[in-house]
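Below: one structure, written as C-alpha cells.
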Amino acid sequence: MTEEFTPPPLPPPFTSNKTPPVLLAQGAEARLYKTDFLNPSFPAALKFRPSKPYRHPILDRRLTRQRVLQEARCLVKLLKEGIPVPGVLSVDWNTGQGEDETGNGGAWLLMEWIEGPAVRQVVNHWEKWMKHCESATKGNNSGMNENFERSAEEDIRSLLRRIGRVIGALHKAGVIHGDLTTSNLILRGQSNENTTNIDPHSTTLKPNLEGEIVLIDFGLASQSVQDEDRAVDLYVLERAFGSSHPRTEIFFDEVLKAYRESFKGASSVLETLKKVRMRGRKRSMVG
C-alpha cells in the first residue's frame, strides 16, 4: 500500500492563503508553484528555495540568498532592457530567518505568470503533425505537396529565428541563462487551442507556432560577457534540439543566423561555439 503524498511545507505568507498554491514542479534546489496570492484574477509563479538541513546553517543561508538574488537581479536587468522574461513581483531571501525546512526556512521569488505553451510542446506537436501528413500522402505519386512542405518548414524556421533573436538580446544584455532548453522557452500571446488543450497524442491538428518567445527559469543564470559562456549557452540549446527534436534539429542554423544578426559580438561567440562542439564530441567519445 502506497503512502499518500504530503505536499511540502510552504513559506509564509503563502501559508495563510485561502486557495493554496499549486505545486507544478519540484527539483533538487527549488519548488515551483502557481498561486493567486495577490489576486484571484492575477496568477503568479512562486519559486521557493527551501533550506537544506544537511548544510551548515550559515553556509545554507549564504548560498540560498546568493542564488535567489542572482536570479532576481538577472530578471530585473533583462526587463529594463526590454527582453521578454517574467516580471519580478516580490522576493524574500531570509524566509523564517534560516530555520530548517520544517520551519519553512529558505528563500522565495514571486514572479509574473507567463501563459502559453512551452516551445518543447509546440515543436513536438509540429514534428508529429508533419509525420502524420507524410503518412497520409504516402503512396501518392506526387508525394507531399511541395508548396505545403515548404510552408510548414518555413513556419518552424520562423519560430527558430525568433528564438535566435531573443537569445541574442539576452547575451547582448550580458546575461547567461545557464539552462537553455525548449522547456524554458514559452510562446506567449497565442491561442492555446491547438497546443495546451489538445490531446498530446493528436497529430491531425496543425500546431500554432505564433507568439512571443519568453525566457523563463533563471535559476542557473549569471551575468557575463565572455564568449565561452555565451557559446556554452548556445551549445546546451543545440544539444536539447538534438536529443528532443530530431526532425527540427536540421533547421537549428536558423537560430544561429538570427543570433548572428542580433548583436556585434555574435560572430566571435559562434567561432567559440565550434570549439565547444569539438570538446563536447571528444567528451562523448571518451564517455
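Using N, Cα and C of the backbone, Cβ positions are placed for all residues, glycine too.
In Swiss-Prot this protein carries:
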{"type": "REGION", "residues": "1-20", "note": "region 'Disordered'"}
{"type": "COMPBIAS", "residues": "1-14", "note": "compositional bias 'Pro residues'"}
{"type": "DOMAIN", "residues": "18-287", "note": "domain 'Protein kinase'"}
{"type": "BINDING", "residues": "LEU24, ALA25, GLN26, GLY27, ALA28, GLU29, ALA30, ARG31, LEU32, LYS47", "note": "ATP binding site"}
{"type": "ACT_SITE", "residues": "ASP179", "note": "active site, proton acceptor"}
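Feature annotations (Swiss-Prot) mapped to structure.
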residue : record                       : CB count, 10 Å
LEU24   : ATP binding site             : 11
GLN26   : ATP binding site             : 13
ALA28   : ATP binding site             : 5
ALA30   : ATP binding site             : 22
LEU32   : ATP binding site             : 19
ASP179  : active site, proton acceptor : 17
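Summary of the ATP site environment: with the site residues LEU24, ALA25, GLN26, GLY27, ALA28, GLU29, ALA30, ARG31, LEU32, LYS47 set aside, the chain residues having Cβ atoms within 8 Å of the Cβ mean position are PHE48. If you take the Cα of GLN26 (ATP binding site) and the Cα of ASP179 (active site, proton acceptor), they are about 16 angstrom apart, rounded to a whole number. Cα of LEU32 (ATP binding site) to Cα of the residue listed as 'active site, proton acceptor': a distance of 16 Å. Averaged over the domain 'Protein kinase' (18-287), the predicted model reaches a pLDDT of 87.
For the pair formed by ALA28 (ATP binding site) and the residue listed as 'active site, proton acceptor', distance between Cα atoms is given as 15 Å, rounded to the nearest Å.
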